[in-house]
């Protein structure tokens, strides 16, 4: 196939030119693959009659048509604007560039068929898949007609009838395969389905997707915890989506990162699902010849246009007629992609090749059939928009969307997410063993350093230092233990939340409650070991008060750690932001800077410092009631009693209750701010 300025002979000699295309509804027994019937100058195409369904999810088979789909990427030319342009309104911005990503794309996916979207990089495969699933990212504007069983598709209907397997596999790595699927069954299936039926469905999916051998194996965390293989992980992604038995499935690059054997295994699974009557659409980049032979239909994209749509055998015949037949012993997929791929320095030749192939396909029988189906879809959409017809499932979708976007009730979501969070906590070795080992070692170290303090002049300073070490250790140990909790799971949470699995408040509450027993036990262990080794106030009630204060300080610090975690986009960002924010609160804790000498313009920081309230409460618990302190040296700085110690530090016994109340308020306030930060992340991630 050559390109140049001279005239070219038509590469397809077809009588389809200048023919009038009509379409008619076929009887129910007709197949969507029936060939068009030609009569003289007219081509009559048999369009399968739309099969109506009432309840959402009740359609056994779904035919998905799309017509005149266009997509534009808008790029604001003022993105590289100066700082002062940030404050200008949208009216002051420069014009926007519009790059067309998809150009009048028509297509159809039928039940029982595996449709592969192929093309070179930048051909528009992923853009088309995102447009078909109503998942276009910000900055991309799409238009066109999309129809499910002949009726205009909506995002609500698509979410109810389809499943979307994304390219990146995201799992809680400490769960086993079976535990993950049980959780998916609890939150994905309709609320009226009993528990026993859900478990039967889980076992069926495990057997169907060949996950029986690894069902009790942990999924794994790359670099930390060895788990299942890449092929098993991809099949687990499919299993998560087919639990609800959706009639329509979309898969984005399902073989990416897999070897040839695993890739063939994954495509075999998809082919098996298609043979059961499902409609499956996948994007795939340069498949092997074995994978190519397993596809039922191909949709080859080139520069945002449809270059071919049909079976592999039809593709061979189509390109042979164009004079670009695939050589013997050569991968057809590689040949077609290289034929339509852009070559640097030969842009004109590539553009002419793409125009020739796309025009030839538009005039072919398959191309005319797509045009007829597109006109049918457009005609029905106009009838609905003008009020002459109603979508059979539109009212059901509206009622369901109005009722709740979640299939499980709030309580069912809470039980399922709390169960998964608790499993994640108990199965994480770094969370339990290392934390308790760290607590025991630090408490022993502090106890040995400050061992056996007496109530004398030197002991006062040492005891005050040991108490502040209580505060510092409880803060930093627990903040850095939770600083990565939410930001590390943020991609998983955003994907599952936007899939309608559970609410944001359910996730936040479950995560915090699952870790609450750990943060209630750690301060008790720390206080039990170090308290009497140091020689603090020996009264039993003072020990229990100190333990309660340590637990409260721990939970306030944990709440602040949750706030940093929810507000940070990554673990590295949270670890970098944490210490600079914590240090000012520590400086205003009353140990490094006397509370009575805080500058007025910085006083607001001390009111937000749990170091101040915790330090004052612990010191009041230690020194209140101490009537005499032995003076070891003759000087005027020796405090005579515990009250003098508190007065020197600008603390008061009367403030003990307010210290506890203020720490409780900080605990609640930081938790609420963390939840709002998670909501902000959720809306931003959408």
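Heads up, the Cβ atoms here are built off N, Cα and C, so glycines get one too.
Feature annotation (TrEMBL): of 373-395, 396-418, 465-487, the stretch labelled transmembrane segment is 465-487.
Within the set 543-564, 609-630, 631-652, the record from TrEMBL flags 543-564 under the feature transmembrane segment. Contact between the transmembrane segment (543-564) and the transmembrane segment (465-487) is supported: at least 3 Cβ pairs lie under 8 Å, counting only residues 6 or more apart in sequence. The average per-residue pLDDT of the prediction over the domain 'ABC transporter' (81-328) is 85, rounded to a whole number. Most Cβ pairs under 8 Å to the transmembrane segment (571-593), among the stretches 465-487, 508-531, 660-680, belong to 465-487.
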